[in-house]
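If you look up Swiss-Prot, you'll see Glu215 marked as active site, proton donor, on the strength of sequence analysis. Per Swiss-Prot, the feature Ca(2+) 1 binding site maps to Glu254, Glu256, Arg276, Asp366. Residues or ranges marked as D-xylotriose 1 binding site by Swiss-Prot: Thr271, Tyr280, Asn337, Asn364. Here Swiss-Prot flags Tyr280, Asn337, Asn364 as D-xylobiose binding site. Marked as Ca(2+) 2 binding site by Swiss-Prot on the basis of similarity to another entry: Gln391, Glu393, Ser413, Asp503. Residues or ranges marked as D-xylotriose 2 binding site by Swiss-Prot: Tyr417, Asp474, Asn501. Positions annotated as domain 'GH11' by Swiss-Prot: 33-228. Annotated domain 'CBM6 1' per Swiss-Prot: 251-371, in sequence order, evidence recorded as sequence analysis. According to Swiss-Prot, the feature domain 'CBM6 2' maps to 388-508, an assignment based on sequence analysis. According to Swiss-Prot, the region '2 X 61 AA approximate repeats' annotation covers 279-477. What Swiss-Prot records for 279-340 is repeat '1'. According to Swiss-Prot, the signal peptide annotation covers 1-30.
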Amino acid sequence: MKRKVKKMAAMATSIIMAIMIILHSIPVLAGRIIYDNETGTHGGYDYELWKDYGNTIMELNDGGTFSCQWSNIGNALFRKGRKFNSDKTYQELGDIVVEYGCDYNPNGNSYLCVYGWTRNPLVEYYIVESWGSWRPPGATPKGTITQWMAGTYEIYETTRVNQPSIDGTATFQQYWSVRTSKRTSGTISVTEHFKQWERMGMRMGKMYEVALTVEGYQSSGYANVYKNEIRIGANPTPAPSQSPIRRDAFSIIEAEEYNSTNSSTLQVIGTPNNGRGIGYIENGNTVTYSNIDFGSGATGFSATVATEVNTSIQIRSDSPTGTLLGTLYVSSTGSWNTYQTVSTNISKITGVHDIVLVFSGPVNVDNFIFSRSSPVPAPGDNTRDAYSIIQAEDYDSSYGPNLQIFSLPGGGSAIGYIENGYSTTYKNIDFGDGATSVTARVATQNATTIQVRLGSPSGTLLGTIYVGSTGSFDTYRDVSATISNTAGVKDIVLVFSGPVNVDWFVFSKSGT
């Protein structure tokens, strides 16, 4: 009996030791576990679990890492990142970089992404790295971007009407970068996505949040974010160049290439077609451009601008209180992303000078250029001879966010960067007793048309100039067309169906 008891005792001891070994091999869950909607800070990161309904579990681990599981949900988001006070733009924060790794196992509709919001404007944004059964957002892409070592993303913009937001129920824009192929680990330059969006006209506001996020929609799944490092402020936007190099007044000067400013709010922003400009301008702000070479003289000024309010820009020489050369009056263009070129006459200026733009209120500026001839007819001499060459850049108004005045190699200027639907208006053209044809000097790579209309872009159609390819945008040819007999003083509008550069045009009394 004693022998049997000893055997049982030895067996029990072995079992206990085995259990201890097994327990010792199981990792202890050190993270905090939450099940329902909650926000807070953990491990130096801001976190949030949000759902409308369903079963959710989120375990908060060291630093930015976490794991999550979901089922029977409507919509659920699990995220860890950094929140801000909506008082700085991404440029003011500096470079934002996310380095991540995730064991991602969705069953149905889900995203693995960098996610966040901005205010003013209110924007919800996604940089989607991987997804489940459906690739978001189900819209037509605006373009693509490629990041070195990160791959290619398609860009989308969608609108949410009366939907939940960080400011309650609201209507707001959603911006999307969606990879063309899935991945679950890597490094994301968030700032580069923001820059590319703005260059496509997708304006960012003041930063509220950036977070690595797992989102599920009417699905189930689990994910283990084993790496999530968010670095902010490594490389703020550099100050503009202080280069003393002379700049040609008659070539386009990019607004963001200024030498100094008195503004604490001004920022370099993105503009359509991958451009840049300046914005967040306030009354009294000044921007200085050094060493502008006017040669024998300039008497005109044009700027490509966007604004939702009427405002004005003074053009001064050498200092913010220097000689007032002229004032550019800017009417609302309809939105901060709708750019138009506006022109004004200035007092003749020669030689090399610093130019200071003095602002009376908010406006976005893409670029500006000076001209040797006055772009606006002088008071008391407000008609133009239809039978003398009319420079294309001497328009009174234009429609088209990307239209630009540029210098020609042999001297003079022209208009270009024209797209379908753009138009330019030339006021007070004196046709006398009647013109029946028009000739334009143009350059284009592809066949296109220019409609000649009376009064407005939808006014009476006088005729259409059919333009064949000239071989390149630098090869100019004269092209003519017959128009309906036009007499007296009229406003003429050129309406474009596609890309073309226009140097000048002129009317004649006989058909061509």
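Cβ from N, Cα, C; glycine included.
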### Summary
Taken over the domain 'CBM6 1' (251-371), the predicted model's pLDDT averages 89
### Query
For Ca(2+) 2, what surrounds Gln391, Glu393, Ser413, Asp503 with a Cβ no more than 8 Å from their Cβ centroid?
Ser371, Ala392, Asp394, Ile405, Leu408, Gly412, Ala414, Ile415, Val502, Trp504
### Query
Which one is it: of the recorded positions Glu215, Glu254, Glu256, Tyr280, whose Cα lies the shortest distance from the Cα of Asn501 (D-xylotriose 2 binding site)?
Glu254
#### Entry: Thr271 (D-xylotriose 1 binding site) versus Ser413 (Ca(2+) 2 binding site) - Cα distance in angstrom
23
### Message
What whole-number Å value do you get for the CA-CA distance of Glu256 (Ca(2+) 1 binding site) and Asp474 (D-xylotriose 2 binding site)?
### Response
27
### Task
Check the Cα-Cα distances from Gln391 (Ca(2+) 2 binding site) to the binding-site residues Thr271, Asp366, Tyr417 and tell me which is shortest.
Tyr417
### Message
For the repeat '1' (279-340), how many residues does DSSP put in helix, in strand and in coil?
### Response
0 helix, 33 strand, 29 coil
### Message
In whole Å, how far does the CA atom of Glu254 (Ca(2+) 1 binding site) lie from that of Asn364 (D-xylotriose 1 binding site)?
### Response
12
